[in-house]
Amino acid sequence: MSFVQIRHISSQINRKTVSIVGSGPSGFYTAYHLLKKSPIPLNVTIWEKLPVPFGLSRYGVAPDHPEVKNCEETFTTCAEEFSSPTNQKHKFSFVGGITIGKEILLKELLDNQDAVILSYGCTGDRKLNIPGELGTKGVFSSREFVNWYNGHPDFAKDKRFTDFDWSKVSKVGIIGNGNVALDITRVLISNQIDEIWENTDISSLALNLLRRAPVKDVKLIARRDFVHSKFTNKELRELWELEKYGIRGRIDPKFFQKEMFDPSKYDRAFNRRVEMCSEYLKPFNERSKKNYKKAPPPSSGYDKFWELDYLKTPLKINRDDFGAINSLSLCNNRLNEDNSLQPLKDVNNIMTYKVDLLITSLGYAGVPMPEFSKLSIGFDKDHIANKQGRVLTSSGEIFPHLYASGWIRKGSQGVIASTMQDAFEVGDRVIQDLVVSGALSLENSIDLSNIKHTTWKDWERINKKELLRGKKEHKTRSKFLTFEELWNGVEGI
């Protein structure tokens with residue numbers, strides 16, 4: 001463990017100091033851009049509440065999508081280059097295991113740094129706000145569920161998951177139809193197909209529990225219609241292609257028929273989606289294009305199903321005598337003539353779906369830091385109030401030297417590539433301001449000598465051990481699942 005005082009000082013070079021709160025893609029891409037593009041010397045420190053870096057890339061990406069995590073290679077190369085003593089212009093430090101606002105106050109960063117960038121992402125959940133949503137066994141948010149199967153130390157051994165009776169889960173409901181909802185559908189409907197999951201970095205504890213679930217049916221429930229689906233074609237295709245394992249996709253004809261959609265009114269991506277669905281809904285031998293006939297279903301036919309369900313609003317989560325979910329009450333919706341964002345509920349037409357597990361995938365929500373109110377930092381619903389990345393006060397004025405990037409700046413939307421673009425744009429504004437800002441004080445220091453934390457070298461030790469554990473288990477990586485395991489992973493080689 002490293003217990004050192006970080007001092008941004010050099011006898012030869014005056015470096016301006018930048019602190020970034022959060023080590024996920026937005027934080028690391030911001031650091032990368034600053035270190036690669038700044039014409040003036042910088043000392044950049046990333047602060048992370050977990051002992052390990054990479055945030056949503058490490059804990060939010062589907063285990064069977066390792067290519068999405070390629071950004072971690074870029075971050076690692078950057079960290080190694082700029083934390084090396086041989087780099088004379090810029091310096092980089094990683095400080096893990098410290099929560100800004102707790103062990104170190106945000107005000108302390110603001111008082112000791114030339115710029116502070118908040119890139120800590122969205123750590124809350126958007127809610128249904130219906131009876132039964134809270135406290136019902138077998139009801140989880142997508143954020144909780146994804147963090148659990150990805151081995152996040154806050155969730156990996158959470159008793160809500162480990163004590164849940166997965167052997168009773170046959171029917172699943174998922175509220176939402178974005179990419180995260182499709183990821184979760186894929187995990188659940190193919191939970192017993194070892195060739196998909198056994199070599200990934202999915203938590204072995206979670207996978208062993210999921211394997212107990214005899215999942216037969218997953219229903220993705222959306223308030224609006226097919227046109228307003230939030231998923232991408234790539235994610236949807238992956239679900240359709242599970243048919244080779246006997247997994248069949250379904251859409252009720254009242255929600256989808258090719259003739260419903262005039263190609264001249266939609267973009268190319270949507271028209272491809274229509275073609276994809278219309279082809280995959282046909283029997284395998286009746287499909288017209290080879291692209292949709294990659295691998296036939298087994299001769300025994302289909303025994304598991306997922307379904308895209310539309311124009312429904314959840315009204316109530318119903319429990320059994322033991323406090324576990326047993327059904328979901330919903331009503332039909334209809335869209336206004338102008339296809340407005342708010343569908344109209346038909347509360348006189350209520351139905352009930354039998355479900356053994358319910359995942360709410362409504363999006364992640366940003367949460368303000370505890371000091372925001374005291375420091376008069378503006379917060380707008382689920383993200384930090386800002387003007388092109390420059391944070392605003394509660395009264396709408398620019399807060400000096402304080403910035404935001406990523407989801408906490410704009411809300412939980414977009415993929416890692418769009419997060420990168422946002423981080424670069426904010427990084428450019430930070431550089432613009434630093435270049436014209438006043439003279440740097442000769443010594444800016446934050447004393448960490450008595451605070452337990454990890455460094456980049458500590459992460460390298462943890463990383464090496466996780467990869468070695470994974471190799472022994474025939475996986476790409478076997479993550480440490482608790483804070484205790486992560487801290488212990490720092491010791492030794």
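Please read every residue number as a count from 1 along the shown chain.
Every residue gets a Cβ built from N, Cα and C, even glycine.
Of the listed candidates (I100, I451, I462), Swiss-Prot assigns I100 to the same FAD site as S26, E48, L56, W407, G414, V415, I416. Taking the Cβ of I416 (FAD binding site) as reference, residues of its chain lying under 8 Å away and at least six apart in sequence are, in sequence order, P25, S57, V68, C71. Spacing of E48 (FAD binding site) relative to E235 (NADP(+) binding site) is 30 Å (Cα to Cα, whole number). Ranked by how many other Cβ atoms sit within 10 Å of their Cβ, the binding-site residues S26, N177, N179 place N179 at the bottom. Within the set of binding-site residues (L56, I100, V180, V415), the lowest number of other Cβ atoms found within 10 Å of a Cβ is recorded at V415. Shown are the binding-site residues G178, W407, G414; of these, the residue with the fewest other Cβ atoms within 10 Å is G414.
Look at the binding-site residues E48, E235 and count other Cβ atoms within 10 Å of each Cβ; E235 has the fewest. Around R223 (NADP(+) binding site), the C-beta neighbours below 8 angstroms that are at least 6 residues distant in the chain are L311, K312, T313, N333, P343.
Here E235 (NADP(+) binding site) is compared against the binding-site residues S26, L56, I100, W407, V415, and the shortest C-alpha distance is to V415.
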